[in-house]
Every structure is written in structure tokens, then in C-alpha cells.
């Protein structure tokens, strides 16, 4: 079976799973995707034409109602939901370290020794083979790097799913666990539209930027991950905030990116360098001048990149420096 055939099969399986999980996406009457769930009547209704698309839906939520956090805590009878960010998906339990009984009283020294041994064995059996130990280490790395980057939990979940798929397809062989974990996190950031550059990812990783890029391209191709080009405008708010620039500069930088992108200048260019050059140009136009070095440090690009992109942008807009 060829690589392209495997990729098509994986994509078809993923689409089928997605369709089954999401159910009906549009109204069969007017083709609108504005569907609203009515929990009171257990129906799925089109908000545009009023057609009842589905009825007698199963409600997976609790049968009780709560009006504040305290009531929700008191009425809840289950633990946290499953998560892909833990190797066991959060289903296993742990033995408490407090060494107290059900009434809060301290237990005897003999019992404490017994509980210590039980904790040790319980920790050992949580990872029964090398594959689970691999997964446990990789997911802890993803969590560590995601925390350092300040990305939302949804990115961690997506990164964990990507790594699990890579492990299942045996794509880890011949590559470092840290490299694949970092590449999965970078891929998740791109899929979720969270602007983080390879330079930023490599700063919190234990592997080199070149290895991350190479591994990212490999797993993206093998897993059939479809990545949209990164929009430089997504970097503008964060860079402007770090440079302490005004909303006016931010708006102007976005205008520069939109105008020059229509001229085809963005093709083949680094989005971080392009955004940095637009911010530099906007700061000059709005009399809030920042040096090329200051902008380059924040965007983690070279001053040469900013100069080249800046020159291209002002020429495209007909501005003479």
C-alpha cells in the first residue's frame, strides 16, 4: 500500500469519525448551519426556518440542576471528565498521601508502612509497558511546554491527540520523544490558530529548532494534517503589547498587512517577520517610533528580515522612506 493511499484512508476515517461525533451539521430544508439544541424538548431545531431536524435526542448531562458553583460541587457524583493529556486519560485513581482513615484520624505505623508499599505498586502498575511510559513522558513534556508558552488547554488536548496518533502509527521510531512531542505541540498551535513561532516553541523545548521543523513536516505528511497558512495579523496584538504600542499602531499594522498581502508579497515569507516589519512601519507612520532592534527582539527575527520586509511593504503602498 502506498503512502498516499494510507493518507487517504486515514483522512476518510477521520472524516467519518468527525461526522459521527458531530451528527447533523446543516438543515436539510434550507441548508443553514444555524442549528439550535432545545434541551427542554430534546430537539435540534433550525433557527432560520424552524424545522425540527432531530427529535428525542439523548441528553448526556446530569439529571439535576445547579445555579451556582457550590451547588454544582455538592450535587456532582462523578469525577473530572476524561482527558487526552494524561496517558490513562485520567481514569485511574491515586492513594491519598495523608495517612488518615475515613474519619480523619491518623492510622497506625503498621498501616502507614502498608499504604506506602501500596502507593509504590500503584504507581508502578499505572504504566504497564514501554509504550505507556513513552506516552506518559511525552504528555508531561507537552504539558510543561504548553504551560511555559501560556497556550489554552484546547491546544494541549489537540497536541496530545496528535502525539497519540503518531505513536499508534509507529512514527516515533528513530526520533526522539521530545522532538515528536514538540512537533505535535507546534502542529496543535497551528490547527487551533494560536500564534506561536518555531523559535518560541524551540525556546521551551529540549531539542533544536531544525529537528522540530524536520519532525513537524514528517508527522504532518504521514498523518495527513491539513495546516492553513499562518496569518501574520495574529502576531500583531501580542507584539504590540510587548512593545507598549497603541491601538492606533496595531490597527495601522493590520492595514499594512492586508494591503500588501493583496499584492502577493506574503507568499513564501515568514509570518513573524512580515508582522514585525508591518509593526515597525506602523510605528513610524503613527509617530511612536521603535528601533528595528527592539521589534526584532520581540518578534525573534533578525534586523535584516525587518529591513527587507519593510522596504517591500512601503514600496507596495507607494510610500517613500
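Glycine residues also receive a Cβ, built from the backbone N, Cα and C atoms like all the rest.
In TrEMBL, annotation is done automatically, which means it is predicted and not curated.
According to TrEMBL, the feature region 'Disordered' maps to 1-34. The compositional bias 'Basic and acidic residues' feature in TrEMBL is assigned to 1-13. What TrEMBL lists as domain 'TFIIB-type' is 22-54. According to TrEMBL, the Zn(2+) binding site annotation covers 27, 30, 46, 49. Residues or ranges marked as repeat '1' by TrEMBL: 140-223. Taken from TrEMBL, the feature repeat '2' applies to 234-315.
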### Summary
Counting across all protein chains, other CB atoms within 10 angstroms of the CB of residue 30 (Zn(2+) binding site) number 12
#### Entry: residue 27 (Zn(2+) binding site): tally of other CB atoms within 10 A of its CB
20
### Task
Report, as a single number, how many Cβ atoms besides its own are within 10 Å of the Cβ of residue 46 (Zn(2+) binding site).
21
### Query
Among all the protein chains here, how many other CB atoms are within 10 A of the CB of residue 49 (Zn(2+) binding site)?
13
### Query
In the domain 'TFIIB-type' (22-54), how many residues does DSSP call helix, how many strand, and how many coil?
1 helix, 11 strand, 21 coil
### Per-state residue totals over the repeat '1' (140-223) - DSSP helix, strand, coil
63 helix, 0 strand, 21 coil
### Task
Write out, in the order they occur in the sequence, the residues of the chain not among 27, 30, 46, 49 that have a C-beta within 8 Å of the mean position of the C-beta atoms of the recorded Zn(2+) site.
28, 29, 31, 32, 34, 47, 48, 50, 51, 53
### Summary
Secondary structure split (DSSP) over the repeat '2' (234-315) reads 59 helix, 0 strand, 23 coil
